[in-house]
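S.K.: I am attaching a structure below and will ask some questions about it afterwards.
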């Protein structure tokens, strides 16, 4: 009964999101919304052009040709009209060949554009006759992601059809439509486009959100089926899913695939808006790319996330999504990101010419708040100490849901960068092991063991990977001791309904916040329950992160990580992981990780306070032959020649394990960040109160509930030391608390808010008591 009620609630939520989609848009008067097969969608207006621009935008085309900021784009397109030289044509034409657009398709697109401006019938007719035969006869040999090339070819045909519409003869319209349907049936998503997934996968890229949508709009008057099918699936599945996660201001496909996946979301935005439907997306879409802004390292690289490869010779840019989002939302921060590398790929240059806002200014991120939170369904936090070369960057993750595909099983993971990658995501997407479904990818790189998270090792646990796509298919992946593989055999959800009804929930955000100044916070806090990320081998797993901006040139930052891990069997061994590039040094309860190569000079020193020294085993694993070690097997993945010069895929990890078998264990680790030449760090003291455990470090006092449960009763502890301390007390019941020091009222009423359950105040040494 509870399960049925839960599924009913999911159905209502999804249907409500479909219903409210129209509420985001400002539809033009000649665009009406209709219900088609149970899906509400905007209908293309009875006018041409309506694809990528309307009649009111046509007069501006000549101005854009003379715009100084678009002159190079126009010159590039003129040059792109030249055919490929035979010697330059590869033997196997994959999508990259077609995306490096040249020749016929560019010529006819520019003819169609010229026709819009001049209305010269000869030009319009030439565009039509130049492309129609090729549309009918073109063949595409199977090759990597060839649907992208087929779809781009369809886009060219759609441009000619829509922009030269009044020059088309009735029989030519029929020929175009038949050719489009023929090509659509070659696409990976099929025609009707019902194959693959709408949240992740190739059907969440060009095929539906640009290619079929474009053709459907162009030919709607003569053949409404294609638009109804493509737009029907888009509004029922693609849009609903995105409007569900967009309010979090983040994306789920990692820092490489963010580029292509989000670009196509934005193509759908522009296509429908220019058609006249307005913005159908949740306005949170504007802020998705801010994640990349916050993860931008001082060396120009991006903090790793999801399926990525490394090369310091090639900084990571988000040219097209930054252009599309920046110009649409008039966002100067995004335009600044675009201008880092304004070299748009050939197949998108026409869209830069049509859509780029050349009057938009640019703005550095220097005045943005230093911490950024991404809420449900993610639960991610980024904390920085600044925007310059001395900046520390820390990432903290809960992962309320696992979207799979290019997202990893990394609930509870963290990363730290300072003058080089210190606490890293290990492994890499491609290399000597292969690609998406390589042994390295599915047994190490995508798995919890490759991240700074927690393992609970049940030697009998199995991990079904029978649904995981790609070559090198296996029914099972290695037992890494980590988080379960959601879905049936690790297959991603098709749509939002399947995601919410399935087993893709992996965590819950328990608390988050930063302050006391939101612009330059002293602390940044995130806590999550990630029990659901694991199988029944665990009863409870909670992790708290607290990042401290120490505002000290010598030791600029620290991060405290507190964990509660309860296994279903006390014999299941627990592991606290810390990954690095260079070999760590272990002395007692201290772990030192340095960057000494490739121009890097940062250092991380971790002090393990829990488990107690007598119950703590700290070891390192790594070096050639054990760099990607998974309980007896090394999943080697050497970089391709000329890539990963700094070995950012890593080679070492530290494991902290309790010596004594127990169902319940706690970890408390204090990480200080400094230059690798810094000799003196802050003393780290553990605080033990009657209901709390915590850390005294520099001028900071931080506490957590000893049991990781909410503290709702009076408690206390003592502080010894000189000067004034800044206190951050977490895990408190929201509401008013009174603070006593040495038996006297220090603060008669301090409020712990509901979102973070934390108190922040200042005080000196003494005995503190906290009352409700």
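Placement of Cβ uses the backbone N, Cα and C atoms for every residue, glycine included.
Here's the feature list from Swiss-Prot:
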- 202: active site (ACT_SITE)
- 257: active site (ACT_SITE)
- 406: active site (ACT_SITE)
- 96, 145, 148, 196, 205, 261, 307, 405, 429, 436, 437, 470: N-acetyl-D-glucosamine binding site (BINDING)
- 408, 425, 451: Zn(2+) binding site (BINDING)
- 134: O-linked glycosylation site (CARBOHYD)
- 1-25: signal peptide (SIGNAL)
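For each listed feature, how buried is it and what is near it?
M.R.: Long-range Cβ neighbours of residue 202 (active site) (same chain, at least 6 residues apart, Cβ-Cβ under 8 Å): 145, 147, 188, 189, 196. Under the DSSP three-state reduction, residue 202 (active site) is assigned to helix.
Around residue 257 (active site), the same-chain residues at least 6 positions away in sequence with a Cβ under 8 Å from its Cβ are 306, 307, 405, 406.
In the three-state DSSP classification, residue 406 (active site) falls within coil.
Mapped onto three states, the DSSP output places residue 307 (N-acetyl-D-glucosamine binding site) in coil. For residue 307 (N-acetyl-D-glucosamine binding site), the number of other Cβ atoms no farther than 10 Å from its own Cβ, over all displayed protein chains, is 23.
For residue 425 (Zn(2+) binding site), the count of additional Cβ atoms within 10 Å of its Cβ stands at 26 [all protein chains shown].
Within 10 Å of the Cβ of residue 134 (O-linked glycosylation site) there are 15 other Cβ atoms, across all protein chains.
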S.K.: Give me the sequence-ordered set of same-chain residues, not including 408, 425, 451, with a C-beta within 8 angstroms of the centroid of the Zn(2+) site's C-beta atoms.
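M.R.: Filtered neighbour residues, in order: 304, 305, 306, 409, 410, 413, 426, 427, 445, 446, 448, 450, 452, 453.
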S.K.: Cα within 10 Å of residue 425 (Zn(2+) binding site): which of the recorded positions 96, 134, 148, 205, 437 qualify?
M.R.: none
S.K.: My understanding is the cutoff is Cβ-Cβ under 8 Å with a sequence separation of 6 or more in the same chain; which residues meet that for residue 148 (N-acetyl-D-glucosamine binding site)?
M.R.: 95, 98, 99, 205, 206, 207
S.K.: Give the helix, strand or coil assignment DSSP yields for residue 425 (Zn(2+) binding site).
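M.R.: The three-state answer is coil.
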S.K.: Looking at the recorded positions 134, 408, 451, which has the shortest Cα distance to residue 96 (N-acetyl-D-glucosamine binding site)?
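M.R.: So, of the listed recorded positions, the one sitting closest to residue 96 (N-acetyl-D-glucosamine binding site) is 134.
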S.K.: Can you give me the same-chain residues 6 or more apart in sequence from residue 429 (N-acetyl-D-glucosamine binding site) with a CB-CB distance under 8 Å?
M.R.: 256, 307, 308, 309, 435, 436, 441, 445
S.K.: Which has the fewest other Cβ atoms within 10 Å: 205, 408, 437, the binding-site residues listed?
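M.R.: Candidates: the binding-site residues 205, 408, 437. Fewest Cβ atoms within 10 Å: 437.
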